[in-house]
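Novice: Attaching a single structure in structure tokens format; questions to follow.
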Amino acid sequence: AWYVPCLASLETLQELCRKENLRCKSIGITNRSLKSYEVEYLCDYKVEEGKAYYLVKWKGWPESSNTWEPRKHLNCPLLFQNFLKDKNEYLSRVRDGKALKVRNHVKALKPAIADYIVKKAKQRIALQRWKEELNRKKNHKAMILVENTVDLEGPPLDFYYINEYKPAPGINVLNGITTGCECADCPAEKCCPKEAGFILAYNKRKKLKIQPGLPIYECNSYCRCGPDCPNRIVQKGTPYSLCIFRTNNGRGWGVKTLQKIKTNSFVMEYVGEVITSEEAERRGQLYDNQGNTYLFDLDYDSDEFTVDAARYGNVSHFVNHSCDPNLQVFNVFIDNLDLRLPRIALFSTRTIKAGEELTFDYQMKGSIDLTSDSAEGLSPSKKRIRTVCKCGAVCCRGYLN
């Protein structure tokens, strides 16, 4: 037997049941619960005969069940706070703070204001559900927050969170490694990097010590060393709490750190769907018409494969470009030693303050001098249509490509 997971929220399913007068014990719709009411958000406001009333959207009930309730019947201080915040936000934008006066001494909000308040309430709920979904799916301890104080944009409709590469049919991202190091002290002995002909990538403080262009070989699942091994960094996932936020200069979503990040620290991995370069060429032409792309060439050793993070990805999907970035890309090999399929890790190039936006150079140049011949293998797929850069850096090149 197979099943398709339901994408509707519990409240949405409850609304449907109540609208059709159905009972469903598994989602909490019983004869008893049909008489329970909880405020989901406030929709509108009016003053009638000296009394203040609020139009209430009840949680788990369809909008047709909305009712006007006096202030004293409602015990939801946070929702009142959100209501006033959204109203003032709208008024500050249109610079019109006057209430609409109608006959019979009734005062009410202008329809445009009430409409905005409802849209903000629905957006707040949608972003909260998205945040909960992201944190359920992530495989690291750090939290993911979501924030939009700029516009009414909600969660992306066609994006699916993944923690590791999603190979397209016919592509194997694991080459069946069956051996690991026998080290008792990985930094001091002939560990995985030395076996591959390279130096250990991290120092004793678990910070990056190699130059851009050089690969990182971490200990794998067959190594004798434990989880505290200093050569296990990228595989542990993002160690910092991050926030996906809406930018205020037309760059869409972005990512900022909620914690201070020291120089040469691992921040996140770039993941997506692994496809062939031929498929990437086809998709690239479609993405050009949209003015964006999430194609990242895995050409460390060859140009056979590409990572497409347009539909499948993690937080890195939302990281914006900058001509003066604070993140740098490195190729990483752990349980897969196939040089055609490195994992892509983003490390800090300098100290990053809490609240600062995270960026990397889509051309992988920026403020870092890539002197290695293999540095060309770090560049994302080039776009065919020149896209104007909005990074705002002093050294901005004007275009993303």
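Each Cβ is built from the backbone N, Cα and C atoms, and glycine gets one as well.
Look at TrEMBL and you will find C181, C192, C219, C223 tagged as Zn(2+) 2 binding site. The Zn(2+) 1 binding site annotation in TrEMBL covers C181, C183, C186, C191. Annotation comment: TrEMBL describes C186, C219, C225, C229 as Zn(2+) 3 binding site. The S-adenosyl-L-methionine binding site annotation in TrEMBL covers R251, G252, W253, N320, H321, Y362, K390. Annotation source TrEMBL lists Zn(2+) 4 binding site at C323, C389, C391, C396. Taken from TrEMBL, the feature domain 'Chromo' applies to 37-95. Under the heading domain 'Pre-SET', TrEMBL lists 179-237. The feature domain 'SET' is assigned by TrEMBL to 240-363. Summarising the annotation, TrEMBL assigns domain 'Post-SET' to 385-401.
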Novice: Taking C191, C223 as the binding-site residues to compare, which has the smallest set of other Cβ atoms within 10 Å?
Specialist: C223
Novice: Using DSSP, what's the helix, strand and coil tally for the domain 'Pre-SET' (179-237)?
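Specialist: The domain 'Pre-SET' (179-237) comes out at 7 helix, 4 strand, 48 coil.
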Novice: To the nearest whole angstrom, what is the C-alpha distance linking R251 (S-adenosyl-L-methionine binding site) and C391 (Zn(2+) 4 binding site)?
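Specialist: Cα-Cα, rounded: 8 Å.
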Novice: Could you check which of the binding-site residues C183, C186, C229, C323 is the closest Cα neighbour of G252 (S-adenosyl-L-methionine binding site)?
Specialist: C323
Novice: What are the helix, strand and coil residue counts for the domain 'SET' (240-363) according to DSSP?
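Specialist: Helix, strand and coil residues of the domain 'SET' (240-363) number 18 helix, 49 strand, 57 coil.
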Novice: Among all protein chains shown, how many Cβ atoms are found within 10 Å of the Cβ of W253 (S-adenosyl-L-methionine binding site), not counting that one?
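Specialist: Summing over all protein chains shown, W253 (S-adenosyl-L-methionine binding site) has 19 other Cβ atoms within 10 Å.
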Novice: Using DSSP, how many residues of the domain 'Chromo' (37-95) fall into helix, strand and coil, respectively?
Specialist: 24 helix, 22 strand, 13 coil
Novice: So which binding-site residues are near C229 (Zn(2+) 3 binding site), with CA atoms within 10 Å, out of C186, C192, C219, K390?
Specialist: C186, C219
Novice: Would you find the one among the binding-site residues C225, C396 whose Cβ has the most company, meaning other Cβ atoms within 10 Å?
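Specialist: That would be C225, with the highest Cβ count within 10 Å.
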Novice: Note the mean pLDDT of the domain 'Chromo' (37-95), expressed as a whole number.
Specialist: 92
Novice: Given the binding-site residues C183, C191, C192, C223, C391, state which is nearest to Y362 (S-adenosyl-L-methionine binding site) when distance is taken between Cα atoms.
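Specialist: The answer is C391.
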